[in-house]
Amino acid sequence: MAFRQALQLAACGLAGGSAAVLFSAVAVGKPRGGGDADTRATEPPAWTGARAGRGVWDTNWDRREPLSLINLKKRNVESGEDELTSRLDHYKAKATRHIFLIRHSQYHVDGSLEKDRTLTPLGREQAELTGLRLASLGLKFNKIVHSSMTRAVETTDIISKHLPGVSRVSTDLLREGAPIEPDPPVSHWKPEAVQYYEDGARIEAAFRNYIHRADARQEEDSYEIFICHANVIRYIVCRALQFPPEGWLRLSLNNGSITHLVIRPNGRVALRTLGDTGFMPPDKITRS
């Protein structure tokens, strides 16, 4: 009976002029011009990690939140909370990590091969100034990790002279690339989709490998330098601050600039400086 009444009400509604409303509802989402709706995916690639929601900080963003590292199924029900507290303390970070992200200096952009894209004379001056600035901070730097690309290697060579005794490691993970399709898109830079697919996963791997809270065994604060590229740094900053990663191209970095991220033991992340070149004379600042 209820089903028959529903049919009668629907028939009355259509007869009364509600048909237009019904058809209008069906057409929602179709462009007025009659073409197909834009079906492009609006979600970022899976490797960027699922965001908890607008304005919600993911406390376990680096998968090192102590409680997430404990197998609660093995918890001893007799010792109860005391054992849980003890195990949590075992996994808790105690130290702060200071991450210094350095963009390489100006280089010859017209080199036909990557190995030919060496630093310009001005670029070498910029690297000297950056090295002097880092040395003047009076910090005990633990290590330098740098991209294996020529312009990053040469920048590292010069900066290292001002930081004697600091070990250095080369990695392909920090090489320049296209991390994720920027939003809004730009007309002057449009890599192939496969480049985002390949570079994006690699740069995300660099983020996961290098950007995280300190290991629980680390007793003292650390100061680490990463010398790489603008796209990589901008993407890392967005990911570390849990900003939409597709907004990376809205940031701008000068050559030889210093970006300082701080990762606290509780996983909180702060951006101390972004692209600082205030230590350079105005005529030495470039962004190529």
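Every residue gets a Cβ built from N, Cα and C, even glycine.
Positions annotated as phosphoserine by Swiss-Prot, on the basis of similarity to another entry: S79, S86. Summarising the annotation, Swiss-Prot assigns N6-acetyllysine to K115, K143, K190 and lists similarity to another entry as the type of evidence. Here Swiss-Prot flags 76-81 as region 'Interaction with KEAP1'. Marked as topological domain 'Mitochondrial matrix' by Swiss-Prot: 1-6. Under the heading topological domain 'Mitochondrial intermembrane', Swiss-Prot lists 30-288, citing similarity to another entry as support. Residues or ranges marked as transmembrane segment in Swiss-Prot: 7-29.
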In which DSSP state, out of helix, strand and coil, do we find K190 (N6-acetyllysine)? coil
Could you tell me the C-alpha distance between K115 (N6-acetyllysine) and K143 (N6-acetyllysine) in angstrom, no decimals? 25
For S86 (phosphoserine), just count the other CB atoms lying within 10 A of its CB, please. 10
Any idea what the model's mean pLDDT is for the region 'Interaction with KEAP1' (76-81)? 58
Should K115 (N6-acetyllysine) be counted as helix, strand, or coil on the basis of DSSP? helix
Cα-Cα separation of S86 (phosphoserine) and K143 (N6-acetyllysine), in Å? 32
Long-range Cβ list for K143 (N6-acetyllysine), cut-off under 8 Å, min separation 6+ in sequence, same chain only, gives V166, S167, R168, V169, E224, I225
What count of other C-beta atoms do you get within 10 angstroms of the C-beta of K190 (N6-acetyllysine), across all chains shown? 12
